[in-house]
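J.: The structure that follows is given in the form of structure tokens.
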């Protein structure tokens, strides 16, 4: 681990699910008087602590952790929202003399963190809430039809069932009178200078990773994932809500309805996690350049 000790303004750690990156983040944070900052798009939600593998109090080992479970399950949350939360958090960490240790499996978060993000306009909260309410009550087809009327070019490029992107495009059009496409080419400020950060991508051997995934999903069921999904389903969220797409939700929901056995949930949940990890590994290999240290952990 000695070659990981030379750092400047931040440590960035990414890798597939179940790769051991969260434990590495805690280890390095302890060495550098650091604070761990979540960079996983599912671990921001408050409802699914177990199912999204948010670190437990024991796993945190007394190290400060930020941006975990701070978003209600019903709320929309984007890469831009995460970047704004990070920008608001960093001054406090700097003032406390704490090194930010970013960790998570959402590659787009790291791209935005070090490369900037499209400079989108501010959206009035009332408008945002209205469109999300309409998404639940009216469904994606109605909002897609509305977007087709006001911004047909953008609508043509979207999946008509992608409620989150449809709502986002409508938000911008209604708030500004302009297409979201007008803003997507404008890049906002870089939050972390990639040249002044230690960057690590954890890429375990596939057999090791699969063994961890298989054991982890069973442990999640033992630790209360079923109760979490019950609580989530009780909220009555639309199927296209991001939190509803967390791996394990559909499988456990099927078990609760009597449509799947516990053994089938274990098999299908682990299989879905392995497929997700494979997609992550491919993305990291293709998107993370040689400035990212490859680490088997």
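Keep in mind that glycine also has a Cβ here, set from the backbone N, Cα and C atoms.
Annotations per Swiss-Prot:
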type: BINDING; residues: 15, 16, 17, 18, 19, 20, 21, 22; note: ATP binding site
type: BINDING; residues: 17, 18, 19, 20, 21, 22; note: substrate binding site
type: REGION; residues: 40-43; note: region 'Interaction with substrate tRNA'
type: SITE; residues: 106; note: site 'Interaction with substrate tRNA'
type: SITE; residues: 128; note: site 'Interaction with substrate tRNA'
type: REGION; residues: 164-168; note: region 'Interaction with substrate tRNA'
J.: Average the pLDDT scores across the region 'Interaction with substrate tRNA' (40-43) and report the rounded value.
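T.: Across the region 'Interaction with substrate tRNA' (40-43), the average pLDDT comes out at 97.
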J.: Would you mind ranking the recorded positions 21, 128 by how many other Cβ atoms sit within 10 Å of each Cβ and giving me the lowest?
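T.: Each of the recorded positions 21, 128 was scored by Cβ atoms within 10 Å; lowest is 128.
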J.: Can you give me the same-chain residues 6 or more apart in sequence from residue 106 (site 'Interaction with substrate tRNA') with a CB-CB distance under 8 Å?
T.: 39, 40, 41
J.: Within the chain of residue 16 (ATP binding site), which residues six or more apart in sequence place their C-beta under 8 angstroms from its C-beta?
T.: 105, 202, 203, 204, 209, 276, 277, 278, 280, 281, 284
J.: Using DSSP, break the region 'Interaction with substrate tRNA' (164-168) down into helix, strand and coil residues and give each count.
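T.: Its residues fall into 5 helix, 0 strand, 0 coil.
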J.: Please report the distance from the Cα of residue 22 (ATP binding site) to the Cα of residue 128 (site 'Interaction with substrate tRNA'), rounded to the nearest angstrom.
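T.: Just about 33 Å between their Cα atoms.
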J.: Can you tell which of 15, 20 has the least company, meaning the fewest other C-beta atoms within 10 angstroms of its C-beta, among these binding-site residues?
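T.: Comparing Cβ neighbours within 10 Å for the binding-site residues 15, 20, 20 has the fewest.
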